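Colleague: Sharing a structure, written as structure tokens. Questions coming.
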Amino acid sequence: MAESTSTAPLRLLLVDDHAVMRSGLANMLNARPEFEVVAGADDGESALRLYQEHLPDITLLDVVMPGMNGIECLRQLKQTYPDAKVLMLSSSDLDHDFHDAIQAGAGGFIAKTAKPSELVKAILLVAKGEKSIGDEVSARLEAYAHALQLTPRELEVLQLLRKGMSNRDIGFLLEITARTAKAHVAAIMVKLEAQDRAEAVARGFERGLLRP
């Protein structure tokens with residue numbers, strides 16, 4: 001009798017706090033022969049427990065969840081299981097979320113609005129140990145790394161730009177000349193690729209340099 005050449009399906013753990021999202025993903029992925037959803041979790045704590053129980057091939061992990069968020073869950077998972085393969089499910093548009101997840105060991109990102117074919121491709125890439133990061137996210141990660149090069153003084157100035165201060169007010173508060181303050185603002189705008197002060201502040205929030 002000839003030996004079967006069929007390949008066992010990839011075993012998946014789905015982690016998302018929205019039951020409808022988990023159910024929809026499970027139905028779509030289970031309909032394909034290359035996947036088997038073995039468990040679903042609605043928070044980070046449950047995800048860690050279910051990972052230990054099932055040891056899935058791939059974990060699809062939501063970034064934004066109440067309690068332990070996806071990035072913290074990823075960090076803890078990687079501490080115990082450094083070889084865990086994780087694809088982040090992202091509805092976040094914040095550059096620092098992308099950066100933090102990659103630093104924590106994520107295999108890639110897929111937007112929740114992605115087409116099924118894009119999700120399948122991303123899962124298969126991560127399963128092979130490759131990164132699944134689109135061109136847009138790659139460009140944003142590069143820009144984020146550049147933004148992290150703001151000097152301590154520039155970060156101070158950015159905080160004051162957030163408050164709508166003029167160059168003169170910034171100079172008075174930091175005990176520098178208005179001309180020096182203007183130079184710092186110009187440097188910030190170049191590094192953050194911003195066209196004006198308001199956009200610089202917006203980019204600061206996007207890249208985690210400013211927090212709400």
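Backbone N, Cα and C define each Cβ position, glycine as well.
Feature table excerpt (TrEMBL):
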DOMAIN    11-127  domain 'Response regulatory'
MOD_RES   ASP62  4-aspartylphosphate
DOMAIN    143-208  domain 'HTH luxR-type'
Colleague: How many helix, strand and coil residues does the domain 'Response regulatory' (11-127) contain under DSSP?
Modeller: 56 helix, 26 strand, 35 coil
Colleague: Can you work out the mean pLDDT of the predicted model over the domain 'Response regulatory' (11-127)?
Modeller: 91
Colleague: Just to be sure I understand, if DSSP states are collapsed into helix, strand and coil, how many residues of the domain 'HTH luxR-type' (143-208) fall in each?
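Modeller: Residue counts in helix, strand and coil order: 48 helix, 0 strand, 18 coil.
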Colleague: Using a Cβ-Cβ cut-off under 8 angstroms and a sequence gap of six or more, which residues of the chain neighbour ASP62 (4-aspartylphosphate)?
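Modeller: Set apart from ASP62 (4-aspartylphosphate) by at least 6 residues yet with Cβ under 8 Å, we have VAL15, ASP16, ASP17, HIS18, MET21, GLY70, MET88, LEU89, SER91.
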